[in-house]
Amino acid sequence: MSVLVPLGGDLPEESRALAEALRRLFDGLGISVRRYAARRHRDPGSLSRFLNGTRIPPWEFVHDLIRDVAEEQGRAPTPEAIELLRRLHRTALACGGSALNRVQALEDELADADRQSMRSAALVRALEGALADAQHRAADLELQIRQLHGHQDRSAAERDKTLRLYEDQVTALLRERQDLMEQVEALGEDLKDAHARRVRAERRCEELERQLVAAEEHGEGENPPVADAALRDAPPTDAPPTDAAAKDAVPRGPVAEDTEARHGLDPRFVFGTFVVGDTNRFAHGAARAVAEAPATLYNPLFVYGTSAIGKTHLLCAIGHQARRARPGTRVRYVTAEALADEYRGAGRGAGLDAFRRRCLEPDLILVDDIQYLPDLGGLHEEFRHLFDELHGAHKQIVVSSDRPPKQLTHLGDRLRARLESGLITHVRPPEQAVRVTLLRRKAEQEGITAPPETLDYIASHVERNVRELEGALVRVRAFAALNRQPMDVQLAAVVLRDLVPDRGPSREEEAARRIIELTGDYFGVTAADLCGKERGRALVTARQMAMYLCRELTDLSPPRIGQLFGGRDQSAVDYADRKLRAMMAERRSIYNQMTELTARIKAVGGPRPDGWV
Ligand SMILES: Nc1ncnc2c1ncn2[C@@H]1O[C@H](COP(=O)(O)OP(=O)(O)OP(=O)(O)O)[C@@H](O)[C@H]1O
């Protein structure tokens, strides 16, 4: 029988809930903690801590336990049971508060995103194969048809004869060709969807990797849990400290967190922190009007523009303001991608009904990035019906996209017509004055002291994307700190040289490219693989080695190296550096490979002036 350890009274509720569920599962095994620990080669002490809620186990442990119990009882675990425990586990980690919990949660999430990315990649490959097959077959048919027509063209007498002879065949071929063309078109659409999904899954992986690196750095050596409240009440790192922001700011703390989780609005994105200029004044005005009087003026409101110019910010600001103006307003912010996931998970019958209820519940629904809404065999039509019902019930709909409705051809004419039926506003990349204000704010938040001319310089060189703009400031500051130099325009110019396009590759860049090629040759993969997104274990290690070598053997900055590796972030390069150092110290095989590879690179010779090769 299991040894039941009493749950501690002062544990966070989430850990208690998880521990209780684990204990119930464990009871299903009908053996003691000690025997189970021996069977699974685990420490009985930590097993007891998992079961009494004083430590949160890794997800693999929970998963193993589910499987063992199911085996013991002779039936497979239901997906619902697994999903329920998964949710409990995530919640417990999120509320656990320690840096270790956060790292673990991120690792779990990364593994999920990784699986999703691999599934999408496999789907893309399968669709590409099917599409190529269909196209070949269509070309084949075309040839056959032309040959038959050729027969017919020989002479009038012969044509009549051959026509009769081949008529059935030609008709059959034409029909098959028509079917194939339709198939090709459908496959092309599916492929586009799969590509988009894959890109998003990869972006998610990269984002999670960055967070993981940051969490690992932050949590190095840290084991004692941070107080829950302290963690949750901490202000967001980039919350602007302006008066306007403070006035608009959404109250934080456990209660606010709970409601944020439900309506999905980012607490930082309020009107008070939105900088208005000529390029977004109209969109901002429309957004304010909708927030003050939902479903009266512009319904739907459609906001479009390129990446990172404040669309999500505006959508969330509408949501916050509507809730503030009319407490009790039910708001929901959702990305098209999340909506699609929900639809996919809903299935048919009761699941679909629940999905519809959730969508129809809010008084104000904000759908971000509608261009990513896949059809999934019916979602476009479903969304159209939901749109009609929401609109008919005088509920406000706000939609964002990277292009105007006219160009959203894949959504179909009827859905597009609805998106066009309200007010359409275009947000353009911010002008210089707005960019400078954004930089000044960012500098204030981050405690960066930079002369105005440096901010002007950065703003005039990074024009199209606010994320990149703010990233540039952070990079200039980091570079200045590392080199103990003032943040003047000359230094900014050096750093931004890496970011500003239209330069031919420098000698250093050529050297890095050579390193990438030679590393690829060494591991039997191409340079494109190393700079690509595939994430097999062997490929990841090879990629990290190449990054490490670029860092060691060239003078390129980490951000520039990241860019050469398919536009990766500096954190990926830093992570590769740390990981490789650790691996070389621990594994002789890696040390040997690095030595051999370095020798090969040096032997081949290269363009670097100081003679490294
Ligand atoms: N005018 C602005 N005022 C204040 N912050 C802004 C403004 N424009 C963009 N930002 C900031 O830039 C970042 C990116 O903006 P946001 O996420 O809203 O972009 P987006 O247009 O939705 O991009 P994407 O299409 O890639 O999702 C956010 O931190 C946002 O607060």
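Note: Cβ is positioned from N, Cα and C throughout, glycine not excepted.
The ATP binding site annotation in TrEMBL covers Ala308, Gly310, Lys311, Thr312. Every protein chain considered, the tally of other Cβ atoms within 10 Å of the Cβ of Lys311 (ATP binding site) stands at 24.
Feature annotation from TrEMBL assigns compositional bias 'Low complexity' to 227-244.
Per TrEMBL, domain 'AAA+ ATPase' is recorded for 297-431.
Helix first, then strand, then coil: DSSP counts for the domain 'Chromosomal replication initiator DnaA C-terminal' (511-580) stand at 53 helix, 0 strand, 17 coil. Taken from TrEMBL, the feature domain 'Chromosomal replication initiator DnaA C-terminal' applies to 511-580.
Taken from TrEMBL, the feature region 'Domain I, interacts with DnaA modulators' covers 1-215.
Residues annotated as region 'Disordered' in TrEMBL: 215-261.
Model confidence over the region 'Domain III, AAA+ region' (264-480) is summarised by a mean pLDDT of 92. Per TrEMBL, the feature region 'Domain III, AAA+ region' maps to 264-480.
Look at TrEMBL and you will find 481-613 tagged as region 'Domain IV, binds dsDNA'.
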Subject >> binding-site residues compared (Ala308, Gly310, Thr312) - highest count of Cβ atoms within 10 Å >> reply: Gly310
Original post:
Using DSSP, would you call Ala308 (ATP binding site) helix, strand or coil?
Top reply: coil
Subject >> Per-state residue totals over the domain 'AAA+ ATPase' (297-431) - DSSP helix, strand, coil >> reply: 68 helix, 24 strand, 43 coil
Original post:
Excluding Ala308, Gly310, Lys311, Thr312, which residues of the same chain place their Cβ within 8 Å of the centroid of the Cβ atoms of the recorded ATP site?
Top reply: Gly305, Ser307, Ile309, His313, Leu314, Ser400, Val427, Val466
